[in-house]
C-alpha cells in the first residue's frame, strides 16, 4: 500500500514556510539598492506593476501545480507531460547550485555574530601594524570595516587565479550553518513546520526594533527624504522596469521548485489563490519596510560621514591659517573658504589638495548592494551607534533568520523530489537523504571559504540561476497553458478547491507573463553578449580598494557550465523520453 503524503499541520504553517522562503536577503540588501539607483519613490511604480502582472500570477501558478500534482518538481512536471521531467530536474540542479553557495552567507553571519560580543567591535578600529608604530597600512588606505571584511573574514586573494587555502574559521562556521539547516529539515514538514514560525516572524521583530532605533538616529530624515523623493524621469528608463521585474521574479523564488515542493504538502482543498496573494503582498511590503529601515541607517551613516568630513576641513583650515577655535563652523565654511582663497591665494593653493569635497548628496548617492551592504555599510553605521554590540547582535541574528529561512526552501526543492522517488526512498530513510544532501553541499561549499572563495561566490551568485530560472518558468507557463491545457487545469482547480479561475489569472498565464519573461530573457542574453569579456571586482590590498579584472578562461568555462548544466536538462530529458518511447514501441510484439 502506498504511503500517504505528509501534510502541513495547518495552513498557517504553509504560509509561514512560503514567507520564510520568499522573504530573504534580497529584500534587505537588493531592493533598497534598486530604489537608490532608480528614482527612490518612483521605483515603486514599476515594482508594483510587475508584482501584479508577473509576481502574483506566477506564484499562484507554481502553488497550484504543486497542490494539484502533490509531488516535488520532477514528479509534478512529469505528470503534466512525460517529456517535461527535465523542467523539474533543471529546478533541482539550480536549487543545488544555490544551496552550495547560499549557506556561506549564513556562515559569514555566524562569524560576525560571534564577533559582535567584543568590546569594542573588531571592525570599529584598524589594528596596529607588526611594529606597533602605527595602524595597518591596508586598513588605513581602506577603512576598518572593509579591512575586517576583506582581510579578517575572507582573507581575500588578489585575484581568482590565486586560490589560496581553506580558511578554517569560516569553514567551521559553514559546517555550523549546514548543521543548523540539517536539524531544521531532518523530519521534513514535521521539523520545518515548527522552525518557520521563528524564521518568518523573528526578522520582523528585529526590523521593527531597528526602525524605532533608525528613526531616532541623527540624520535619519536625510536618508528617508532621499528615498521618498521621486525622480520621475526614471519612469522612462527601461532598466528601471527590467530591474523591477527581475527583483519580483527572484525575490519570490520562482522556478527553483521550492514553492511546488511546499504546496505539494497541502490539503487538496487548500485555497492556494488566497495564499499566493498574501505571500506576494507580504514579500513586497517587507521590501518597502526594509528599505525604510535601511535608508534611515543610510541617512545616519551619510550624515555622520559628511559631518566628519566637514570637521576635518574645519580643523585643517583652523590650524593652517591660525584661526580662532570655534570661528569656523559648517554654516560659514564656504564663505570663509572664499575669503581665504582670495586673501591668501598662495597658502590656500598649498592646503587645497588636502581638503576633501564634502557632500551630503554624494554620500547618500553611494549605492551598494549584496554583501557590501550587509557586511561593510551596515557595520560602518553600527559601529557609530551607542551600545553598538547590541545592534550588531540583533542585525546579524536577523540576517541568520532570513538566510536559514531561504535555505529551508532551497533544500526542500532538492529533498522533495528525492524522497518522492521510490528508487531513493526505498533504500534510504528521510533522515539519511537529508544528511547526505547537506553533507555533499557542505563539502563542495568549502570552495567558498578559500582565499579566492568570494570570487567564486560572485560567479555562482551572478550566473548560476539568472537565465536558467527565466527559461524554467517560461516552460512552466507554456506547459500548463498549452501542453496540459488551461481549460483542463482550470477544471482541476475548480474540482480541487471549489473555485474557478477569473479572467485576470488566465490572461496573465496565457499571454502577459510569458511575454514578459521572454523580454527579460532577451535583455539578459543581449546584455551578456554586448558586455564582451566578463569581468569581476578584485580586492587590491596595496590600494585598499576594489579593481576590475577580466575573468580567466577557466572561470568563463565554469560560468558556461553553470548556465548550460541546468538549461540542457529540459531538452535532454525530453529527447531521452522520446528515444525510450520509440525503442519501447519497436520492442512491442505485433498483435496476433
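Cβ coordinates come from backbone N, Cα and C, glycine included.
Predicted, not measured: the structure shown is a model, and the values here were computed from it.
Record features, source TrEMBL:
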type     : residues                       : note
BINDING  : 22, 23, 27, 251, 283, 402, 406 : Na(+) binding site
TRANSMEM : 12-31                          : transmembrane segment
TRANSMEM : 43-61                          : transmembrane segment
TRANSMEM : 82-104                         : transmembrane segment
TRANSMEM : 168-186                        : transmembrane segment
TRANSMEM : 195-220                        : transmembrane segment
TRANSMEM : 240-265                        : transmembrane segment
TRANSMEM : 277-298                        : transmembrane segment
TRANSMEM : 393-415                        : transmembrane segment
TRANSMEM : 436-457                        : transmembrane segment
TRANSMEM : 463-486                        : transmembrane segment
TRANSMEM : 507-526                        : transmembrane segment
TRANSMEM : 554-575                        : transmembrane segment
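Here the features listed in TrEMBL are painted onto the structure.
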{"residue": "22", "record": "Na(+) binding site", "Cβ within 10 Å": "27"}
{"residue": "23", "record": "Na(+) binding site", "Cβ within 10 Å": "29"}
{"residue": "27", "record": "Na(+) binding site", "Cβ within 10 Å": "25"}
{"residue": "251", "record": "Na(+) binding site", "Cβ within 10 Å": "24"}
{"residue": "283", "record": "Na(+) binding site", "Cβ within 10 Å": "24"}
{"residue": "402", "record": "Na(+) binding site", "Cβ within 10 Å": "29"}
{"residue": "406", "record": "Na(+) binding site", "Cβ within 10 Å": "27"}
Which of 43-61, 82-104, 168-186, 240-265, 463-486 contacts the transmembrane segment (12-31) most, counting Cβ pairs under 8 Å: 240-265
Cβ-based neighbourhood (8 Å from the centroid) of the Na(+) site, residues 22, 23, 27, 251, 283, 402, 406 excluded: 19, 21, 24, 25, 26, 252, 253, 286, 287, 405
Selected stretch (most C-beta pairs under 8 A with the transmembrane segment (554-575)) from 168-186, 195-220, 240-265, 463-486, 507-526: 463-486
Chain residues outside the transmembrane segment (240-265) and at least six past its termini with a C-beta under 8 angstroms from it: 5-8, 14, 17-18, 21-22, 24, 26-27, 30-31, 34, 37-39, 42-43, 46-47, 49-51, 54-55, 58-59, 62-67, 69-73, 76, 88, 91-92, 94-95, 98, 189, 234, 272, 279-280, 283-284, 287, 406, 409-410, 412-413, 415-417, 465, 468-470, 472-473, 476, 516, 520, 523
For the transmembrane segment (168-186), sequence-distant contacts whose Cβ falls under 8 Å of one of its Cβ atoms, 6 or more beyond its ends: 103-104, 106-108, 110-111, 114, 153-154, 192, 195, 404, 407-408, 411-412, 415, 431, 434-435, 438-439, 441-442, 445-446, 448-449, 453
Tertiary contacts of the transmembrane segment (463-486) (same chain, 6+ residues out, Cβ under 8 Å): 58, 61-62, 65, 77, 80-81, 84, 87, 90-91, 93-94, 97-98, 101, 249-250, 254-256, 506, 509-510, 513-514, 517-518, 520-521, 524-525, 559, 562-563, 566-567, 570
Same-chain residues near the transmembrane segment (82-104), Cβ under 8 Å, at least 6 residues beyond its ends: 72-76, 170, 174, 177-178, 181, 255-258, 260, 403, 406-407, 410-411, 413-414, 417, 437, 441-442, 444-445, 448-449, 453, 456-457, 460-461, 464-465, 468-469, 471-472, 475-476, 479, 483, 562, 565-567, 569-574, 577-578, 581
The transmembrane segment (43-61) versus listed stretches 195-220, 277-298, 507-526: most Cβ pairs under 8 Å: 507-526
Stretch-level contact, the transmembrane segment (195-220) and the transmembrane segment (507-526), CB cutoff 8 A, at least 3 pairs: no
